[in-house]
Amino acid sequence: MTTIGTPLSPRATRVMLLGSGELGREVLIALQRLGVETIAVDRYENAPGHQIAHHARVISMTDPEQLRALIEAEKPDLVVPEIEAIATATLEALETEGVVRVIPTARAARLTMDREGIRRLAAETLGLPTSPYQFCGSLDELQAAIDPESGGVGYPCVVKPLMSSSGKGQSKLDGPADVEKAWDYAMAGSRVTNNRVIVEGFVDFDYEITLLTVRALGDDGEVETSFCAPIGHRQANGDYVESWQPHPMTEAALRSAQHIARSVTENLGGQGIFGVELFIKGDQVYFSEVSPRPHDTGMVTMITQWQNEFELHARAILGLPVDTTLKSAGASAVIYGGVEAQGVVFDGVDEALRVPRTELRLFGKPESFITRRMGVALARDEDVDTARRNAAEAAGRVRVSG
């Protein structure tokens, strides 16, 4: 039986989030609605999650000493990584020592912190279908890994840093002239300085989806796996622009997608939500990536599901029942900063909300960049295409000024 103490009391149930952006903010809100005391951690002040948590902390989460000192001082019941750039070896050590429970597990946080760990697990350990790939530690290695005459992945292909966020550093290559530029772009977009990339042969897929996969306790107290309806999405430069739910799939493709998602998440273990990214070509499904946390494309669930992805995550990690039922078809569209400024102002909010059956989420980020995600428009409709048009219309009516 799950018990939850009163926040700010000696018996409080305390949860620490490592990473307090827009996704972490929504997880914090979901936890607070269940009476949990929250600690929001990020590398900069006034992050979105800092603005609503009981406690806000600023550290370098890649610094093992700072991370250990904070966790030992705060003594949370659960530590929930919300980003990849964390000293995961420290989390593994603290979990082994019995200091704290990491969500979903410290091993999962380590394996998914970079594209090499999770790709090797999926393709080489679990034998799941993926695009052809190689890992490279220099420009020369990258050129050799692509060269089709030497058994490389050939063109077109995609180059990504081993660790990056929101598509940073990713590029598609159509020929040899693109290689050096792609290497430099990957190095600039990487969150760490290990100078390694993954190059993937291009999969000529029909569409790509995120399959939100939830591991939560069932009625018998054992962990069960359940799935949300498939989420379709469109990306630009590796970054999500819009998403919609449900995305139509054949029964065969859906079964394959669920099999792949179940295989990966069961191996990673623990409880919580996982965003499993998949490419689909006909009935063939290819594994791409997995995040052991809510997914940016899953923000659409804030308008489509009875329990959105953040509520599902909060419930699952606390040992509470979950419900992945779809409430309505819907869509999300990103609101970009469009300006380089701090303390921006949002205009046109009233105009945006006049679009039928729409909602807005403005993230409260303290600084805007041209392509920074500052908010999201949500729309529901029985027809997905109508929802997509309305979400895009609402997002376009919001203006950001410095």
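Glycine is no exception: its Cβ is also placed from the backbone N, Cα and C atoms.
Residues or ranges marked as N(1)-(5-phospho-beta-D-ribosyl)glycinamide binding site by Swiss-Prot on the basis of sequence analysis: GLU22, LEU23, GLU82, ASP296, LYS365, ARG372, ARG373. In this structure, GLU22 (N(1)-(5-phospho-beta-D-ribosyl)glycinamide binding site) is part of a helix by DSSP.
In sequence order, LYS160, PRO161, TYR185, ALA186, MET187, ALA188, GLY189, SER190, GLY238 make up the list of same-chain residues 6 or more apart from GLY169 (ATP binding site) whose Cβ falls under 8 Å from its Cβ. For ARG115, LYS160, SER165, SER166, GLY167, LYS168, GLY169, GLN170, GLU200, GLY201, PHE202, VAL203, GLU208, the entry in Swiss-Prot reads ATP binding site.
The Mg(2+) binding site feature in Swiss-Prot is assigned to GLU277, GLU289; the stated evidence is sequence analysis. When secondary structure is read from DSSP and collapsed to three states, GLU289 (Mg(2+) binding site) falls in the strand class.
Annotated domain 'ATP-grasp' per Swiss-Prot: 120-318, in sequence order.
In space, GLU277 is the closest of the binding-site residues ARG115, GLU200, GLU277 to ARG373 (N(1)-(5-phospho-beta-D-ribosyl)glycinamide binding site), judged by Cα positions.
The two recorded residues, LEU23 (N(1)-(5-phospho-beta-D-ribosyl)glycinamide binding site) and ARG115 (ATP binding site), have Cα atoms 20 Å apart. DSSP classifies ARG115 (ATP binding site) as helix under the three-state reduction.
Counted within 10 Å of its Cβ, the other Cβ atoms near ARG372 (N(1)-(5-phospho-beta-D-ribosyl)glycinamide binding site) come to 19, all protein chains included. Among the binding-site residues listed here, namely ARG115, PHE202, GLU208, GLU277, GLU277 has its C-alpha nearest to that of ASP296 (N(1)-(5-phospho-beta-D-ribosyl)glycinamide binding site).
Counting every protein chain shown, 19 other Cβ atoms lie within 10 Å of the Cβ of GLU277 (Mg(2+) binding site). Note on the domain 'ATP-grasp' (120-318): its mean pLDDT in the predicted model is 94.
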